[in-house]
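What TrEMBL annotates here:
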- D186: active site, charge relay system (ACT_SITE)
- H261: active site, charge relay system (ACT_SITE)
- S627: active site, charge relay system (ACT_SITE)
- 37-151: domain 'Inhibitor I9' (DOMAIN)
- 177-665: domain 'Peptidase S8/S53' (DOMAIN)
- 748-841: domain 'Subtilisin-like protease fibronectin type-III' (DOMAIN)
- 1-25: signal peptide (SIGNAL)
Amino acid sequence: MGNIYLVHLTVVVVVFLGVFLPCLCQGDSDDDTTAVYVVTLRHAPVSHYYGELRREVSSFKDAAPAPGRTQFNKPRRYDNITKTDKRYGSYISQVHDSLLKKVLNGEKYLKLYSYHYLINGFAVLVTQKQAEKLSRSSEVSNVVLDFSVRTATTHTPQFLGLPQGAWFQEGGFETAGEGVVIGFVDTGIDPTHPSFGDSKSNHPYPVPGHFSGICEVTRDFPSGSCNRKLVGARHFAASAITRGIFNSTQDYASPFDGDGHGTHTAAVAAGNHGIPVIVAGHHFGNASGMAPRSHIAVYKALYKSFGGFAADVVAAIDQAAQDGVDIISLSITPNRRPPGVATFFNPIDMALLSAVKAGIFVVQAAGNTGPSPTSMFSFSPWIFTVGAASHDRVYSNSIFLGNNVTIPGVGLAPGTDERKLYKLIHAHHALSNNDTTVADDMYVGECQDANKFNKDLIKGNLLMCSYSIRFVLGLSTIKRASETAKNLSAAGVVFYMDPYVIGFQLNPVAMKMPSIIIASTNDSKILMQYYNSSLEIDAVSKKIVKFGAVASICGGLKANYGSAAPKVMYYSARGPDPQDSLPHEADILKPNLLAPGSFIWAAWSSVAADSVEFLAGENFALMSGTSMAAPHVAGLAALIKQKFPSFSPAAIGSALSTTASLYDKSGGPIMAQRSYASPELNESPATPFDMGSGFVNASGALNPGLIFDSGYDDYMSFLCGINGSYPVVLNYTGQNCGLYNSSVYGPDLNLPSITISKLNQSRIVQRTVQNTAQNESYSVGWTAPYGVSLKVFPTHFSIGSGEKQILSVLLNATVNSSLSSFGRIGLFGNQGHVLNIPISIMVKISSNTTTS
């Protein structure tokens, strides 16, 4: 969900592009209104036949390369799969066309996509009456109205311990992630960025043989844009185009990134190692992705001006799976909770279920709708959901006033001469001698036009400018205010927060001249009180005769490192699941994990001029949001996939979860910010509903010891256990719930966590662990949630390499309580492996009468 740059329109700026539901094309009446629908058919998709047979049986042959360019359009060859794959896809497309012609019988419609790999269906622009006709067809299983979605480093490799840990263990950054392809469904990529070049290393860098994706060639994305690093790139926009909202000038009808978000997320996960980060002429260190040697495939389905739509996203996911990506990274979330029997049943999540069936690990941003409980939109257990945490690097700026008061602020900018104090001149008091007045131009205080000011008065002094709601909306910009100050020969510029901008959180902004933004309205009042009290005003003329306020800007280019990290960021969405509450659907822990998401340096698209105005023309950006957290985990998952190529998606998720850290750098509990306003002052210890299993431990995840595994059949059994789900499961998967054990509920899934929404007296939950290491003996310990007695059997066990062990967990409610409580099970191996399993119990119903 993430960049802290455009918000809930309440001026809380958090990383995601606000996407507004567009007006659909209107006819003469409601019956003529057209919309995009995603239609699924009863016949199963390709991946349900072939997805689990991804066995490579022969090497691949390069197509003849064009001069100066290597071609990578290589067919995948699995046991009789690729021979039928494309022909089957073409056949399915013809079936879709035939069905539309038969059902709609000469009526007008527009088919946008045929899906055949992960789901068997299509996206089509039709009227509501036509959609109803399709839904009545015996060949059609499901018709869903398309819905909108939104987009939800230099130091984080060190903070995660990669150079001396995970990278070192596997041979260094030169090989970290090699052979693994990460697919990004996002806003595209800037292929010219050095983070995505393939000539940085002298080591061989072959394109993985199992990947068969292609690169589109357009004017914006010319031949040669792809290489051995960036191995695939496509774009999907049919749903947006049919709505008439696609702007080819801003959005680019190609894989090129006109926004910056997709370039940033791809670089966080898999950007090249050691790329200098230079912004506004300042050097902020060298950047690296988590898996700098892995390969990138881009599936652009989100756009700067409107976000995206499910029909396009499903098409992108379907293509990524067909191309053979190993990991899918989604820094997107729905704009609303999907309706229906349960949130799990929507086209995106069900397509991702098929991707998991095909062996693809799926990572998704938790979203930026926190900090309220139950603020998450997606709870599917086959998707690995990542929340955002801080890390230990912070950039701080401050201004020292002549009354010996220091006010904190933000701004990646140099300071003024530390030996001098400079006069403060408010923009309202520095107007030129023309007829401009505050009454004539109420926005003149935002310093957007140098022609309106008296240069002689401002020269060599600090210009004070108001940071209003217009900056948040993009109507005024920091860049123009800085240019104004420069053109007036000011010594620096001071932005104070307009009192009407409430709850505003701002990323540090890189500026060339001495500058500071005082982000707190309270601190801004202190500055204004000092300034106004220092003015000398003529009693008769009411004119200012002396500016008495002085100050110096301390500068914010130097990073500081603290120990109060990680902590759950205020914007990171929280569990539990409030909607899927009957009877056992809510028993899934989300988020799964925390990763760095606050103030992350990574690549930026240089043409993304007005996504974030102060980044126009820059190659790097400092962004915040769960959008930044998810690709951290995608990159770390690539390291696990590289070391354990046979790991299932669930096994990769287990390795990440069970080894997660529960403590910050100082050894205290991870804290969670609880409010937008003054988040640093509203913190309390994080619960599993805030942080999942904890904060990602990169080195530990590469040596998990035991894993909790599960697969497609387990997820199908879970879905079939949801009350009223039989027809919905059949509609989406083409499979009958009679084939599955429909008594499997959320707590019965073999997840590395236990979540129970309603503990009615007692319950036994079982988990099965498998040993991925050498023979080891384990002891079991636990801390019971409040109001629950807990026992685990066995309390000790020895397990050989590759062997499995069943753990039985007996939970008894000892009080009646509707307050959630939390505990933990620990598995402690004599070879040093330690696994943590969080326990979350919501409603507790005891056989006695004690209440709380």
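Just so it is clear, glycine is given a Cβ too, placed from its N, Cα and C backbone atoms.
TrEMBL feature annotations superimposed on the structure.
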{"residue": "D186", "record": "active site, charge relay system", "CB count, 10 Å": "28"}
{"residue": "H261", "record": "active site, charge relay system", "CB count, 10 Å": "35"}
{"residue": "S627", "record": "active site, charge relay system", "CB count, 10 Å": "37"}
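Counting residues per DSSP class in helix, strand and coil order gives 1 helix, 64 strand, 29 coil for the domain 'Subtilisin-like protease fibronectin type-III' (748-841). Here the domain 'Inhibitor I9' (37-151) has a mean pLDDT of 69 out of 100.
If you measure from the Cα atom of S627 (active site, charge relay system) to that of H261 (active site, charge relay system), you get 8 Å.
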